[in-house]
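According to TrEMBL, the protein has these features:
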type     : residues : note
TRANSMEM : 12-32    : transmembrane segment
TRANSMEM : 44-60    : transmembrane segment
TRANSMEM : 81-100   : transmembrane segment
TRANSMEM : 120-139  : transmembrane segment
């Protein structure tokens, strides 16, 4: 399988655009959370979690794994497992509590987030959408269509 990937160019295998996006997120984190002069500065553990999450995100979506996930269902499922089960934990643990409080206090988001973060609702919604996406006809349409990223973002 790895020999088959050699027919693709560098940009298809290692997305420089996605790397730029990840670096932008890393810079934003540096400016917002690390360079603070007050007591709201993040600790080393949080920084490692967040940047570890960004590295994992690039491995999942910017490396050859993303290309392989379009070719092999096994690679796709590994990608989804990392994307939904490990990546969020790293990012959530990397963002300080005070920042999460601010997000949850935004009037427009407050009620929606309160509802969506109830364990039973989150469990049913995630499993329902994840299962819907992996029904063969939906999955094939999403992967064959140029707009599959829109389908992906709408479902997740």
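Cβ coordinates come from backbone N, Cα and C, glycine included.
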So what's near the transmembrane segment (12-32) in sequence-distant terms, Cβ-Cβ under 8 Å and 6+ beyond its ends?
5, 50-51, 54, 57-58, 61-64, 66-67, 94, 99
Determine which residues of the chain contact the transmembrane segment (81-100) at the Cβ level, with the cut-off under 8 Å and only residues 6 or more beyond its ends counted.
29, 32-33, 40, 42, 45-53, 56-57, 59-61, 126, 130, 156
